Amino acid sequence: MGLRPGIFLLELLLLLGQGTPQIHTSPRKSTLEGQLWPETLKNSPFPCNPNKLGVNMPSKSVHSLKPSDIKFVAAIGNLEIPPDPGTGDLEKQDWTERPQQVCMGVMTVLSDIIRYFSPSVPMPVCHTGKRVIPHDGAEDLWIQAQELVRNMKENLQLDFQFDWKLINVFFSNASQCYLCPSAQQNGLAAGGVDELMGVLDYLQQEVPRAFVNLVDLSEVAEVSRQYHGTWLSPAPEPCNCSEETTRLAKVVMQWSYQEAWNSLLASSRYSEQESFTVVFQPFFYETTPSLHSEDPRLQDSTTLAWHLWNRMMEPAGEKDEPLSVKHGRPMKCPSQESPYLFSYRNSNYLTRLQKPQDKLEVREGAEIRCPDKDPSDTVPTSVHRLKPADINVIGALGDSLTAGNGAGSTPGNVLDVLTQYRGLSWSVGGDENIGTVTTLANILREFNPSLKGFSVGTGKETSPNAFLNQAVAGGRAEDLPVQARRLVDLMKNDTRIHFQEDWKIITLFIGGNDLCDFCNDLVHYSPQNFTDNIGKALDILHAEVPRAFVNLVTVLEIVNLRELYQEKKVYCPRMILRSLCPCVLKFDDNSTELATLIEFNKKFQEKTHQLIESGRYDTREDFTVVVQPFFENVDMPKTSEGLPDNSFFAPDCFHFSSKSHSRAASALWNNMLEPVGQKTTRHKFENKINITCPNQVQPFLRTYKNSMQGHGTWLPCRDRAPSALHPTSVHALRPADIQVVAALGDSLTAGNGIGSKPDDLPDVTTQYRGLSYSAGGDGSLENVTTLPNILREFNRNLTGYAVGTGDANDTNAFLNQAVPGAKAEDLMSQVQTLMQKMKDDHRVNFHEDWKVITVLIGGSDLCDYCTDSNLYSAANFVHHLRNALDVLHREVPRVLVNLVDFLNPTIMRQVFLGNPDKCPVQQASVLCNCVLTLRENSQELARLEAFSRAYRSSMRELVGSGRYDTQEDFSVVLQPFFQNIQLPVLADGLPDTSFFAPDCIHPNQKFHSQLARALWTNMLEPLGSKTETLDLRAEMPITCPTQNEPFLRTPRNSNYTYPIKPAIENWGSDFLCTEWKASNSVPTSVHQLRPADIKVVAALGDSLTTAVGARPNNSSDLPTSWRGLSWSIGGDGNLETHTTLPNILKKFNPYLLGFSTSTWEGTAGLNVAAEGARARDMPAQAWDLVERMKNSPDINLEKDWKLVTLFIGVNDLCHYCENPEAHLATEYVQHIQQALDILSEELPRAFVNVVEVMELASLYQGQGGKCAMLAAQNNCTCLRHSQSSLEKQELKKVNWNLQHGISSFSYWHQYTQREDFAVVVQPFFQNTLTPLNERGDTDLTFFSEDCFHFSDRGHAEMAIALWNNMLEPVGRKTTSNNFTHSRAKLKCPSPESPYLYTLRNSRLLPDQAEEAPEVLYWAVPVAAGVGLVVGIIGTVVWRCRRGGRREDPPMSLRTVAL
């Protein structure tokens, strides 16, 4: 460490000052009972096990003293505290007894801890002085020491000569002048330390066998003063430092103060004896602002005693953890290896001090041998043509890493870390020259010796030496705008700088301090705020600084600092480290806080990239900001022994040494010369980083514009050679073996609109074939990314690609035979044309050349599927695709076919409909009618999604059949990168149209570039591991073949077997919830009802609730009621095999009552539903249910919480057509209300689900086949009519009125009056969607044999929908059914929302229940009648609007439909 024992006393004398030793803590009881224990000890057993330490003889040496050896505990020190502010007038309170009480409080807790090890320890003794009026503290301490010695000698319970004693000497340097950086230069009086040493000398002479804790409570006293805001006794004047005391200065001075005490005591005679020692025990708080005043427990007796015990358990020199309750540490225990109290000797403290210092650091220079160091022939006007020698001015913004804190400090000189060595700063320092000091400024001076702006020497940002290094130690992102303002003003006002003409390079690096403190305020230090603050600074530079190249260096990967902190073999002042960066170092491995830090760190980096990639700073030709990411993945440098290498750090182990500054400068310089997208993000700093030279072809500092050259890509592949022998197998095909590329498809492959300008909608008809992702060959990979341009990097003789523009018949198209608007049925003609062209063209050796043909089809089919669902069925789609592939398979040799998924129609809808101001929404029906004109949550949209799934499924089945794997020279590989598109979303939530042509449908060149990269990546990925997601905004580097895997991947060389679709064994669900416990006490309010609180389930309804036909009948008898499988009340089996509401609830409460089992009425439980029931039967069922509950001996009617589900209406609708004049809606609502009134009056503690009736006509439309015949025979007369009949239309209106009639029950006044009763309408059937199979037809597996009732699969889906509705707030419930199979669809209660939702706890309409007038019976028919009128008017308006849409004029772009 480098501190010399000879100067310890001198340092301590200078640091201590005049403060009177005293303690100020919060008043507490003087015994252990009633104490506020730290959170880690509350309600928990004593954590230490004394028995594990074994039974040993009492220690003969204080340096092997175990807690069990201690026989006596005592304390001295003047413990004065302010009284509790809540007890009245502070100045009138009697303070006479308080010092004794406080001391006894602390010592009692400490004695109780020790008593676990040494049960015979008597009550502690405190001698804290008896005077009320404060007087000289040193004199009082002498008196206390003498009284203590006399007391111990007279104590009959104590063997004074042979018993081990623990004596605590409390003192406080209340002036805290030692925290001023200038304290070492001020000759402060040293009386305080002299008297303390005198007291210790007295104790050493008089007291045998003693372990003395010298406890410094300076900060406790200060915090107590701040917390209570007043002192009764005169307090010493606070020390006003002559200069600003920064956080860094404070923690360094704290450490220095502590080390001075340690060094003094460790080298004193106290550590040389066997029966007496003194150990310094510091009490420093975390430096988090306002933490002290937030928690008075930081000054209570228990916390102080607990912290003192932990200090005794820590080796000297390793007492690094600050005092904290908010992030408390557990009580520490003696270990078997170190069962004793730590002294300086048994901590090997002096040995560590005297360890030979590392050799003095030699500053790293460099040599630059670049052939071209000349500036541009004329001063450039574009930042994208800027050579290093053109730079005239250099500046920097940031924090202490740029200010250079400690960069030139000698090893061990921790105090010198306060010095800012700006001349050594990596990004802007200019000390000496490049031969001795490597910095960016010194590198640039090799190109332009007249460079200005660099800093030299030492000093703060305001010193002349700093010049344009305006970084501020301790700076955070929020401070950057002020720094930027000052930098701009300095450049404008300095006569050496030609502000308008000089080219400037400014490096901005920030974020370390933000991450170090992020956990104290996640909102304040959020990634968004971080980048917003950077943006504000950059905005100033962008607005005011001409001719500037700004390096934005991303925040370093700070979590690796933990390696240095945790490695005890490497010396570091850990107290400083932890105080400077608590949020990185104080949390445990695998903690959620650490995971949050890593996430924030990554998001800081990602958000920085996004800020710049937005183009916000590329609006001028003379200004740009470039992200330099070399710090993003920096591993902790290691020594040859594998330990963290602290030679890369300043003596505080936090800031950079000159070696790190040198490596950072080299890495920054190299980053500046690397193209964007190809910049190095990972460095091993232990390896010296060579300085590269500008590329003679591209001699400029790299910007986004001059790197990408439009939409180019860098290919890092080194091995670009073809196979040694021309391959005969498609499974041994390398990229360089490909000689021909071709493509088939629709307008996406034809290239419509790829190069169109954003506002040029008519230009979308232009086919930019040369830019097409799979077949275009315009330019080169350096500026145009396409699959052919990638392949041309491997084989310059590649042919077949298209160039320029034109249709499929143009010469430029060559083998890109895609046709705009083409459908699957058109593929055959494209295949025929393609084969003929390949046979006729002399550039193609038809039989010998290896070919890659990419096929993408299906988008245009989906655009028209709704015009004829049979013509565009999945069966017809795959039939046409199969025929085309069969011809290629049969007639074209040496082919690898890429079969690419089509663009998901959902993405097209999101972009097109999400940007009505940018997209031609008026032309939706012309551009892609069956995709763009559908309503959200409509049956038509569900059918579109089913068709899309069916198309994809049929493609997979076709390829997976092995049909095209029968020849050695032919294979079809499905490339699935299009399966999941991650659509970029702008800050306003709208989809990003910058990836699309002006019609918002076709991809533009930006999109095509990503498609080409994704296709190439897929081609190199083995089957079974192919990427199925395309993130359009992600940086997608080009992957390369490897030596072990050099081939384009096929099923065979991937060792892949296509999976067989497994049969589904049951319709159970997986239970993934973690919040499953009941309330701590039985709730009295239905609005605080958790699922586990439910004791009883019940149900009312018809045959859908008795589960008629849920399973096939084994006889010709009438259908069976499978009550045990019923969605809302069945309890057969368990959730893993049968998904029902009771089986879900049984996961929360295994003792649930009331559910049905099996098929017999005797096991129906509280399922009172009956086949054929209508709404008029609900009151009778309600009475039946009430009687069953009252008569059940297992149910406590008054105390048990009950969940009742009512679902009725199907039979009412089925028979409506027999008497259409009846007031069905009015009567329906009245009957259900009567049933609910009965339940409300008779059942305490009840939660009632009222499920809206499904849309009957929608659910049963289009069943066809056997079901069509059964529908004509069943008792539901209304379903016998055709979909277009007036009767069926009238049924739909009545159906809507029934739903509307009961939809407001949740809000009715009479059901919100009781605290223990609620009615909640569950609307998942409001918009009923017919379940569809993979072919887009009605999925009959959801229905029973009679095609009317639900099968067990249908019951499972209803149970899931009901359960999920129950966990959704009123007003935000799902109003449509999603009948698709997944075992993981069940929602879970959360810690934030653990209750079943009612109107009140949904908080949507908090006052509605109180304000709504009571619903009168006479008002029901009126409401129903109004609802009917509204329904009729709404239907007419909707039809008119739809008719209006059909009359939109056609558009000429119809020919470019997908």
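For all residues, glycine too, the Cβ spot is worked out from N, Cα and C.
Following the DSSP three-state reduction, the secondary structure of Ser400 (active site) is helix. The active site annotation in Swiss-Prot covers Ser400 (among others).
The Cβ of Asp514 (active site) lies under 8 Å from the Cβ of Arg476, Ala477, Tyr525, Phe530, Val555, Phe604, each on the same chain and at least six residues away in sequence. Marked as active site by Swiss-Prot on the basis of similarity to another entry: Asp514 (among others).
Taking the Cβ of His655 (active site) as centre and 10 Å as the limit, one finds 26 other Cβ atoms among all the protein chains shown. The active site annotation in Swiss-Prot covers His655 (among others) and rests on similarity to another entry.
Per Swiss-Prot, region '4 X 308-326 AA approximate repeats' is recorded for 39-1402, and the stated evidence type is sequence analysis. Across the region '4 X 308-326 AA approximate repeats' (39-1402), the prediction's mean pLDDT works out to 87.
Positions annotated as region 'Necessary for membrane localization' by Swiss-Prot, on the basis of similarity to another entry: 1403-1445.
Per Swiss-Prot, repeat '1' is recorded for 39-347, and the stated evidence type is sequence analysis.
Feature annotation from Swiss-Prot assigns repeat '2' to 362-707.
Swiss-Prot lists 708-1054 with the feature repeat '3'.
Residues or ranges marked as repeat '4' by Swiss-Prot: 1064-1402.
The topological domain 'Extracellular' feature in Swiss-Prot is assigned to 22-1417.
Annotation comment: Swiss-Prot describes 1439-1458 as topological domain 'Cytoplasmic', evidence class sequence analysis.
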Counting across all protein chains shown, how many other Cβ atoms sit within 10 Å of the Cβ of Ser400 (active site)? 26
Measuring Cα to Cα, how far is His655 (active site) from Ser400 (active site) in Å? 8
So, three-state DSSP: helix, strand or coil for Asp514 (active site)? helix
Can you tell me whether DSSP puts His655 (active site) in helix, strand or coil? coil
